[in-house]
Structure formats: structure tokens, C-alpha cells
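A.B. asks: Take a look at what TrEMBL says about it:
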| type | residues | note |
| --- | --- | --- |
| ACT_SITE | HIS207 | active site, proton acceptor |
| BINDING | GLY38, ALA39, ALA40, GLY41, GLY42, ILE43, GLY44, ASP64, ASN124, ILE147, SER148, ASN149, MET258 | NAD(+) binding site |
| BINDING | ARG111, ARG117, ASN149, ARG183 | substrate binding site |
| DOMAIN | 33-175 | domain 'Lactate/malate dehydrogenase N-terminal' |
| DOMAIN | 177-340 | domain 'Lactate/malate dehydrogenase C-terminal' |
Amino acid sequence: MTAALLRSALRRSAAASLMSSRGFASASGQQRKVAILGAAGGIGQPLSLLMKLNPMVSHLCLYDIAGTPGVAADVSHINTRSEVNGYAGEDQLGAALEGSDVVIIPAGVPRKPGMTRDDLFKINAGIVKSLCEGIAKYCPNALVNMISNPVNSTVPIAAEIFKIKGVYDPRRLFGVTTLDVVRAKTFYAGKANANVADVNVPVIGGHAGITILPLFSQATPSANLSAEEITALTKRTQDGGTEVVEAKAGKGSATLSMAYAGAIFADACLKGLNGVPDVVECSFVQSTVTELPFFASKVRLGKNGVEEVLGMGHLTDFEKQGLEALKPELKSSIEKGISFVHDN
């Protein structure tokens, strides 16, 4: 029963209501290779489990600097269709990536006592830079799902690396902001007394603090919430990561919910690749929705990745204020990522 529930969860995305079980079965017959970079970590392990349960995955490659063979052996015993292989160490990165359709990157280190945010940025930025150089070499046509934080900077880092290597296709690079959507749906459903499975809330902007802007005015089903409730819901969505860190007494972060969100977005990418129509999710992508070069909004997914970047729709005055407030911070984060590549 547990496995069935997990598989059901993976099926639920923006397009799930449009799919019949027959259509899903036909999509699952295709051969799709997914690589997870950072598979032995706190996000990587539960993400590996969830992707093993996805019927569209035929080959699952798990990579990390160490510990991956054990994770792969464990996950490989699950009786689903995908073949699982584990790879450890830089010399095995190419084998893990070769021929991948989707690459998911949760790699990186958590912030440790005494470590500044700038220290953390430099370490994770270096990791992302190295992994993206591997992607450019071994699977330049893969859809890249960036989870490694800070996403507002790591996506521009990836874009610059791919440009330098001559393989950049903006349709194939995504910052995974799905956890913001997952949280917004959950928190909104609680306030609106709605069935969370029926709730949808677009989230735009970026993927950190005030750059996260949930558009509760566009939430469905609609609810008559007060301005105070909307403000509180917005702040809770923006501070969701901190809420988990504090609940874990500083000994962990949002790994399980992030793995779930990462699996949901990867599932949407696979559906798009397999030709399922009307797959729409929010993601941080190259965009002309605002004057910023990257921005999170709804995107329509297809056989080439991003088929269409959708607009923001009508915003309330509160949301317009939030949009203007987030722009300077998001712009700075984007520029920081671009500068990292060219300074290193």
C-alpha cells in the first residue's frame, strides 16, 4: 500500500488530472535514463527512492563523491522497472551521465557552524560548476534540474558554464522551485479548508526568502481570505526552510520535502519528454517575463524542455509590491552566479 501511495504521489502534477492511466502506461514504456548527482546526501537518498518508484524511469544512475554504491544497492532491490547503478568519485561522473535524459542535481554541503553564507556559496558554486562541466561533455542535451542552493545563483552558474562549452539551450535548464509551490499549496489548503490534492498555487520570482512570491490571488479553489491571512501565508511560504531547520534544532534542513518536490518536477519533465500534453509547472528559468534574465513562473513542458514560459497573470497590489521588492535581491543573486564563473 505504501508503494502504491508513493507512486500515486509521483503521478500528481499540474497535468495529472488530464492523464488517463492508459496514457501513463504508454508513456512509461519508453526508455528514459535519469541521473542524480549528489545521490548519497540528505536530499539525494530519498530522491533516489522516489525516482526508483517512477514508472517512466528505465535506468537510474546515482552519483556522489562517496557512498553511492550502497545507496544504489539498497534502492535496486525495490521491485520496479528501472535498472539502478551507483557511481562514486570524479572519475566515474562520465559513466553516470552518459546518455541521460534528465539530470537532477541536489549535490552540495549544508551550512555548518562557523561557516558564513559566502563560504557556503563558494563551496556549492564550485561543486555545481564542476558537475555542469561534466554534463556539457557527456549529456549536453539532458534536461538539467537544479536543486543545489542557492538556486538563484546556481542556475546562472550552470547557464554560463554551458555557454562557455557551447552547449547552452535555455529550454533545458531549470531551477527547481517546486518546494515553494508544495508549501504554498499545503499552507493555503489549511487556511482555506480545502482538499490539498485539489489546490493549485503559482509561485513566481526566485527560490530564497523574499524572492519567493506565492500568488494566492490566483489559487484554486478560490477562498475569501483576509489581507492579514494572505500576508501571513506569504511569509510562511518564504520562511518554510527556516521553519524546518528550527524544528530540527539546527541539526538538519528540508531534505524529505525537497526530495518529494524534486521528484514531482522530474516527473513533469519526463512527461513532457514523453509527449504528454499540457504539462505545466513553476520553475526558475531564462525568462523575459520581467527585466531579469532568470525568473520563476509557470512553464509549459514538452519534448524539448521548456515549450513556453507563461506570464504572471493579474497581480494584486500586494503581489505587485512583493514583485518589486524581490527584484533587487534576485538580480544580485543572478549576477553573483555569473561573476563566480568568470572570476574562476
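Positions of Cβ are set from backbone N, Cα and C atoms, glycine also.
A TrEMBL annotation is a machine prediction, not a hand-curated record.
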A.B. asks: Over all shown protein chains, what is the count of other CB atoms within 10 A of the CB belonging to GLY42 (NAD(+) binding site)?
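C.D. replies: Result for GLY42 (NAD(+) binding site): 17 neighbouring Cβ atoms inside 10 Å.
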A.B. asks: If we count other C-beta atoms within 10 Å, could you say which of the recorded positions ARG117, ARG183, HIS207 has the fewest?
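C.D. replies: Minimum Cβ neighbour count within 10 Å, taken over the recorded positions ARG117, ARG183, HIS207, occurs at ARG117.
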A.B. asks: Can you tell me the mean pLDDT for the domain 'Lactate/malate dehydrogenase C-terminal' (177-340)?
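C.D. replies: The predicted confidence over the domain 'Lactate/malate dehydrogenase C-terminal' (177-340), as a mean pLDDT, is 97.
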A.B. asks: Can you tell me the CA-to-CA distance separating the residue listed as 'active site, proton acceptor' and ARG117 (substrate binding site), as a whole number of Å?
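C.D. replies: Cα to Cα, the residue listed as 'active site, proton acceptor' and ARG117 (substrate binding site) are separated by 16 Å.
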A.B. asks: If you run through the domain 'Lactate/malate dehydrogenase N-terminal' (33-175) with DSSP, how many residues end up as helix, strand and coil?
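C.D. replies: With helix first, then strand, then coil, the domain 'Lactate/malate dehydrogenase N-terminal' (33-175) has 65 helix, 28 strand, 50 coil.
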A.B. asks: ASN124, SER148, ASN149: which of these binding-site residues has the highest Cβ count within 10 Å of its own Cβ?
C.D. replies: SER148
A.B. asks: Can you give me the Cα-Cα distance between ARG183 (substrate binding site) and ASN124 (NAD(+) binding site) in Å, rounded to a whole number?
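C.D. replies: Distance between the two Cα atoms comes out at 24 Å.
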A.B. asks: Given the NAD(+) binding site residues GLY38, ALA39, ALA40, GLY41, GLY42, ILE43, GLY44, ASP64, ASN124, ILE147, SER148, ASN149, MET258 in the record, what is the largest Cα to Cα distance, rounded to whole Å?
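C.D. replies: Answer in Å: the longest Cα-Cα distance is 18.
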A.B. asks: Around the C-beta of GLY44 (NAD(+) binding site), how many further C-beta atoms are within 10 angstroms, looking at every protein chain?
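C.D. replies: Summing over all protein chains shown, GLY44 (NAD(+) binding site) has 28 other Cβ atoms within 10 Å.
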A.B. asks: Inside 10 Å of the Cβ of ALA40 (NAD(+) binding site), count up the other Cβ atoms and send me the figure.
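C.D. replies: Around the Cβ of ALA40 (NAD(+) binding site), 22 other Cβ atoms lie within 10 Å.
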A.B. asks: Among the binding-site residues listed here (GLY38, MET258), identify the one with the smallest other-Cβ count within 10 Å.
C.D. replies: MET258
